[in-house]
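Record features (TrEMBL):
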DOMAIN    64-144  domain 'DOMON'
DOMAIN    210-332  domain 'Cytochrome b561'
SIGNAL    1-21  signal peptide
TRANSMEM  208-231  transmembrane segment
TRANSMEM  243-261  transmembrane segment
TRANSMEM  273-295  transmembrane segment
TRANSMEM  315-336  transmembrane segment
TRANSMEM  348-371  transmembrane segment
Amino acid sequence: MKCSMLSLKAVTLGLCSFVAAQISTFSPRGQSEIFYSITVPETTVSSGSGPIFFQIQAPTTLRWVALGQGTEMTGASIFVLYSSSSNVTISPRLGTGHVQPRHNPDAEVSLLEGSGVQSGIMTANVRCDTCNYSANSPWIFAYKQGASLNSDSPEADISIHDDFGTTSIALSKAVTTSDNPFLEYDPRDPSNQPSEIGGQAEGGAGILIAHGVIMSISFVILFPSFGLLLALPLRGVVPKVHAPLQVFTLLLVIAGMGLGLKMGTDGDILDNAHPILGLIVIGLLILFQPAMGLLQHLHFRRTGGKSIFAILHRWLGRFAIILGVVTGGLGFRLAGIDRNPKTPKSAVIAYAVIAGVMGLLYMAVQVLRAVRKHAEQNRDPHRRKKSDGTAESGVNGQNAR
Ligand SMILES: *[C@@H]1O[C@H](CO)[C@@H](O)[C@H](O)[C@H]1NC(C)=O
Ligand SMILES: *[C@@H]1O[C@H](CO)[C@@H](O)[C@H](O)[C@H]1NC(C)=O
């Protein structure tokens with residue numbers, strides 16, 4: 001029965017018993033040097049559970065190459081292969097949404113004989129005891145070009161893939177009786193008929209970009225600019241311009257938070273500093289900032305003066321913006337600066353520069369206003385009180401963030 005899969009030549013040479021395996025092999029489209037091969041022991045097929053064997057073979061011009069069981073990254077059981085100091089490392093990981101998959105110490109995989117690096121080719125012959133058997137089983141693959149990782153640690157930092165794809169493999173038709181079915185296996189041999197599987201662009205990357213863009217623009221540009229509007233000596237600037245624009249920005253930020261929470265729960269990374277700080281900042285803004293502003297505005301309408309709410313509103317606003325900008329920096333780090341094509345170093349530099357310019361502009365305006373006010377007071381000690389009563393911005397301008 002096993003001989004039916006083999007070439008006539010192998011049969012006539014009497015190799016049937018020696019190479020008694022059906023092995024399913026595929027390559028990513030356009031990557032004819034990367035081979036993923038899978039086969040299942042007869043006992044696993046007949047009982048419906050048990051070990052599964054797979055081989056990953058790829059040139060050392062790849063930084064890492066991975067095979068995983070699952071239909072998508074999230075929740076998949078992934079095996080990442082990279083070169084080590086003297087052999088290869090096979091690192092089992094749990095797939096998360098949009099960040100690097102974490103090492104999974106519960107997975108049981110062993111490297112078998114025949115693994116190693118030879119003439120620029122990495123080979124991992126693997127027996128997996130925690131993989132799941134099903135007659136038709138979904139698998140994913142990914143790889144990254146670049147200098148060899150050369151790490152013995154299963155927790156090495158890996159950068160995001162160049163390409164990623166999914167396929168389904170009929171495991172019930174890939175059966176072996178061997179304990180190390182890949183020892184003599186050459187996936188390059190045309191008789192093994194490797195199939196070609198197309199990659200696909202990673203879905204969901206748009207979420208990461210949208211989250212980053214919305215949050216960066218809101219905290220680095222909109223919140224501080226709309227705070228600075230209060231420096232304009234215009235009547236009604238607070239209720240007609242400042243308040244509506246800040247509420248609009250807060251709504252943008254809430255939408256951005258929704259995207260962030262989606263990524264955080266998908267990726268199971270809500271315990272990271274970035275989402276924690278982000279939730280604190282947005283929570284403070286939602287709970288207190290509009291209320292403080294409104295209370296001050298009501299107080300102003302009643303008395304024409306400044307209340308404790310004005311001071312709280314101003315300082316909470318400043319504090320939240322600074323913390324928000326820092327949280328954004330941590331977000332870039334979480335996404336992987338330069339390790340992720342969606343967060344290039346140039347984006348981080350632009351973010352830092354714009355935040356710095358905005359900070360300087362903000363301080364310059366505050367200093368100018370203080371100087372002007374001081375001068376006015378020196379000229380006419382009674383004037384201050386009068387101007388306070390005529391335009392809310394005269395009071396609240398200082399109170400603005
Ligand atoms: C790599 O490690 C495996 C498992 O320990 C071993 O069987 C294999 O011979 C090693 N390869 C080399 C080239 O040392
Ligand atoms: C196998 O199935 C179990 C239970 O559904 C799951 O916890 C485990 O992650 C699966 N393993 C793989 C390799 O998909």
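Glycine too: its Cβ is placed from the backbone N, Cα and C atoms.
The stretch from 208-231, 243-261, 315-336 that makes the most Cβ contacts under 8 Å with the transmembrane segment (273-295) is 315-336. Within the chain carrying the transmembrane segment (243-261), a Cβ under 8 angstroms from the stretch's Cβ atoms is held by residues 207, 210-211, 214-215, 217-219, 222-223, 226-227, 229, 270, 275, 278-279, 282, 285-286, 289-290, 293, 297, all 6 or more beyond its ends. Beyond the ends of the transmembrane segment (315-336), by six or more residues, the same chain brings 98-100, 159-160, 208, 211-212, 215-216, 218-220, 223-224, 227, 269, 272-274, 277-278, 280-281, 284-285, 288-289, 292, 342-343, 347-348, 351-352, 355, 400-401 to within a C-beta distance below 8 angstroms of the stretch. Remark: secondary structure over the domain 'Cytochrome b561' (210-332) totals 108 helix, 0 strand, 15 coil, with classes taken from DSSP. For the domain 'DOMON' (64-144), DSSP puts the residue distribution at 0 helix, 45 strand, 36 coil.
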